């Protein structure tokens, strides 16, 4: 009996002890951040102070979180009407005054990433993807085409990071005579923290030398705070802008869709939709993508990082969770302002572990832009065609968008009408193709892929001019071998192996 009396007080003591530890960690972090700001000069000190305010809030929440952020048993499928089919939205047609709606829109591209995964230096948005056009060129062309066609004024806003800002600003001069106003703002700069001590690794605010790896941009969920802090959000609202269309700059399918825009602006005032997430049907390639669920009566984004280990396979199933988030989002500017000012923007924390030089284990705390869906009123998912999700993450993706599978018009890529079925072929290029420069030297010209279903290439392989690939083609050069596919070859359902024998598949 006496034991049962002691138990609550023991657990209370434990809770008190944990609370004391948390407070100590927070005050140590506060002191370290103050020291860091003390090493900054002028304008940098002001920006860093604002950044660190956001970091402190994130760190505070990180210390409060216990266990997984979702209880699996409370997850429900979203109600039928909370995810609308795109065809239903499109069936409404367009009013003759769609230009008025366009004048309420701002296009925001997430431009914080580098091209390192594709072997390129500098911002990813400056990689050439089609006819010498970069991701940024194509974006500017799309918006300029809209503005000219509808006599509208849709501005482009780039959310840069400290990694991409300088190079991006240099290149923006080339668009001065285009009919697009371009604005930029910077994502926050947060300190990576030592996994053991939970204190910043940085010793001062410098970003070079031994400090090169100690900072990070905290994921695209930072858009709300950094957009608000930059003053640009207020300016755009003052100019009569009402909605932003946000997407990753490397998603070539993320163009302004007039039907979705019309759906947003035509809602009755009391029912104004503040947030639309474009989702699309999951395939086997998308099993890790975040999905929409109903949780505590709200529409919510569930990411794989939040899923308890025992349920990961269930999360990946294409039958239970049929759709995933494309990260094409339409969000009300006034709602962002309201939620920022009420300090009510609540996004799950993603803890991203990294290892720095010298085997130093650090963590970086991040958030995802779509996770805020639960904070907005009348949020909605729209199940869009797969064509609105065309990300270029690897050279395998690059091969698809450079090929005759797509035609390019006014900065937009559309699947060629000459392809008989609308699905994209599955392309898997081996490690000899990872870097863009190396990939380009391996193709004298991009093969004809109109009738391709599946391509796997592994090892030291090159392609001559005017090669045509159809059906399933697998080309494997074993270690030490080299395969040169001759100019003008037509490979249909073939396996080409190390000694260049061509076998029927």
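Cβ atoms are placed via backbone N, Cα and C, with glycine included.
Quick look at what TrEMBL lists:
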type    : residues                : note
BINDING : 124, 187, 219, 250, 393 : UTP binding site
BINDING : 220                     : substrate binding site
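Taking the features listed in TrEMBL, we show where each one sits on the structure.
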{"residue": "124", "record": "UTP binding site", "Cβ contacts under 8 Å, 6 or more apart": "113, 114, 115, 118, 135, 164, 249, 250"}
{"residue": "187", "record": "UTP binding site", "Cβ contacts under 8 Å, 6 or more apart": "112, 159, 160, 161, 162, 217, 218, 220, 222, 223, 226"}
{"residue": "219", "record": "UTP binding site", "Cβ contacts under 8 Å, 6 or more apart": "350, 352, 366, 367, 368"}
{"residue": "393", "record": "UTP binding site", "Cβ contacts under 8 Å, 6 or more apart": "117, 250"}
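Of the residues the record lists as binding UTP, namely 124, 187, 219, 250, 393, the two whose Cα atoms sit farthest apart are 21 Å from each other.
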